Amino acid sequence: MNIHLDKHGQGMPLVLFHGWGFDSQIWQPIIPYLKPKYQIILVDLPGFGLTPMMDWESFKKNLFDQLPDKFALAGWSMGGLYATRLAIEEPARVQYLINITSSPRFISDIDWPGVAEEVFVNFYNNLSKDINKTLKEFISLQLNKMKFDFKIGNPPSPEGLAFGLEILGTWDFREQLKQISIPTVYLFGRLDPITPAKTMAIMEKNYPNFKYVLFNRAAHMPFLSHTDLFITMMDEFIK
């Protein structure tokens, strides 16, 4: 059981984790912008793309066997949960942590402005019916109807979608996040319907040592909707 990696360029290793329902192909449009400065390492998470299902410990061991000793790590949406857990458990390997429209807890509760679990359940049901149509509509909504030609290479497995749904509903790193001392940044989109921008105010209070960036006109995919701003932020953060 091998994790599928796709590498581009030379330089500081930058590992990218995709979000739920997608695979590493979602990063393809920004590779030309990152490749001159970084060695980009795209990862298909378990049950997505070309990576088979596996549990967390198998994923971590398999991944670390294929990665450099130290690297910067960026996770988008659900991928941010994977990235955060990796940084909490293996801080000696992760030099920088970048969370893109992600948070330590996705589901809302009485004192946390996440999203209702029904949103993910509905998305899951739509994905199960017509994955390409659902993903294209999702991207169109997040990019405010901006044209983006996304071709999904390998549809996620039903097990991958279900496991991802469980992760989004149950993983909660709000307490463990206080242990993180590596440089960490959280990126939010003011128009994001999935990771509400008001999460940022709570996080700034609870985790004052982290950096926070708000994309005023972005929704859930600022790396595609505002690529130039996103690349500038990455270059300023990763020294």
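Glycine residues also receive a Cβ, built from the backbone N, Cα and C atoms like all the rest.
Copied over from Swiss-Prot, here are the features:
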- SER77: active site, nucleophile (ACT_SITE)
- ASP192: active site (ACT_SITE)
- HIS220: active site (ACT_SITE)
- TRP20, SER77, MET78, PHE138, ILE139, SER140, LEU141, GLN142, HIS220: substrate binding site (BINDING)
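Secondary structure at ASP192 (active site), taken from DSSP and collapsed to helix, strand or coil, is coil. Take the CB of ASP192 (active site) and look out to 10 A: across all protein chains shown you find 22 other CB atoms. Look at the binding-site residues MET78, ILE139 and count other Cβ atoms within 10 Å of each Cβ; ILE139 has the fewest. Around SER77 (active site, nucleophile), taking its Cβ as the centre, 26 other Cβ atoms fall within 10 Å, counting all chains.
Note: the CA-CA distance between ASP192 (active site) and TRP20 (substrate binding site) rounds to 15 Å. Within 10 Å of the C-beta of HIS220 (active site) there are 24 other C-beta atoms, taking all protein chains into account. For TRP20 (substrate binding site), the Cβ neighbour count at a 10 Å cut-off comes to 26, with all displayed protein chains included.
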